[in-house]
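*Asks:* Here you go, one structure.
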Amino acid sequence: MGESGPVVIDPRRHDAVLFGVGDALGSALASQLGQIGVGTAAFAADGPAAAADRLRVRPGRCVVVAGDPAAVEAARTAGFALVIGLAPVGRDGDGLRGAGADAVVAELEQITVRTGDRRMSQLPDASQALTGGADGLAGRHPAVFFDFDGTLSDIVDDPDAARPVAGATAALTRLAARCPVAVLSGRDLADVTKRVGVLGIWYAGSHGFELTAPDGSHHQNDDAAAAIPVLAQAAGRLRDELGAIPGVVVEHKRFGVAVHYRNAARDRVGEVAAAVRAAGRHDALRVTTGREVIELRPDLDWDKGKTLHWVIEHLRRSGSGALTPVYLGDDITDEDAFDAVRGGPVQGVPILVRHNDDGDRATAALFALDSPARAAEFTERLADQLERGEG
């Protein structure tokens, strides 16, 4: 996050905010956080990591606000998700930046809070989206987008062992005969294409930096391609730095470096996150997080949501007519697509595939399914509906 951009606390990504400054717990910011279910606490000499332990929250899903470079550095070393330096007017913030602050503000009022989302447990079942009504699909022509891991496939300890759940590929094949279908994954394009193996659909890899159309034509983000050698170097350094930690896997992809820590000891996760964030700062790469993974990618304003809009626009120019976007995903990176589906020219249907990895976090989705198996069943039912001419 650059200092020139907005500083946002997002309950989809952040479970708590830890303050190391003055009477911040009595501030309007702290009050607003409490209203949306984001925890708050103060820390002192024992540091932010101890405060996170007391709140029983993970540093990787917490924000630290501190005015002391030592506290900023401690938060950075512990792997906190967002570290905000507070430098009142007249005070130089360079020391906070040098200690690793993601952003520096002059007052708490410069920090904004995302509101309006619901918790995962509050979402109605996606079967309701198959009906009519403002949010339903009856009588509409959909374009359906899927994440892979955690949506079409169960999350497994070994990412290389992931496969579509029973019935998923058959349902995708039937659906693709009736409407545009796309799989948008953080995996490499070749990897996700091979794992799904359904012909006649769109595939996007690396969160949309590279994709193929149903006719086999290939598209890539050329600005992102400039970062390929930098990512390769970062992957090598992270393997050297983290390779001795049991359970950590450094996965080098064409447009990214994913560091998986699902099988690592919990007391090593902060160390892993800190190393990846340091690599991102060193090489000017963007850091994103997911379910037991932290990733480096090109620092460009591109994500699954923008990829979805690009595909919809491509289909429109090809004469598809009005399309209602539907997106099924489970992870934090899928929230960009949920935002895109809700904020596009046509109100779409964002569907979260629920899990327990991040607790009952907030989401921009409007509907939910309880597992990849339920996502496959939903896909089958939608294909049935379209085959009957009810779409």
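Every residue gets a Cβ built from N, Cα and C, even glycine.
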*Asks:* According to Swiss-Prot, D147, D149 bind Mg(2+); identify which of D301, D303, D330, D336 is listed for that same site.
*Replies:* D330
*Asks:* Any idea what DSSP makes of F148 (substrate binding site), helix, strand or coil?
*Replies:* coil
*Asks:* In the same chain, which residues outside the set D147, D149, D330 have their CB within 8 A of the centroid of the CB atoms that define the Mg(2+) site?
*Replies:* F148, G150, T151, L152, S153, I155, S185, R291, G329, D331, D334, V353
*Asks:* Which residues does D330 (Mg(2+) binding site) neighbour through Cβ under 8 Å, counting only same-chain ones at least six apart?
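*Replies:* Those within reach of D330 (Mg(2+) binding site), by Cβ under 8 Å and sequence separation of 6 or more, are D147, D149, G150, T151, R291, L352, V353, R354, H355.
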*Asks:* Please list, in sequence order, the residues in the chain of F148 (substrate binding site) that are at least six apart in sequence and whose C-beta is under 8 Å away from its C-beta.
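*Replies:* In sequence order, A162, V183, S185, R187, V192, R195, V196 meet the Cβ cut-off.
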*Asks:* By the DSSP assignment reduced to helix, strand and coil, which category contains D330 (Mg(2+) binding site)?
*Replies:* coil
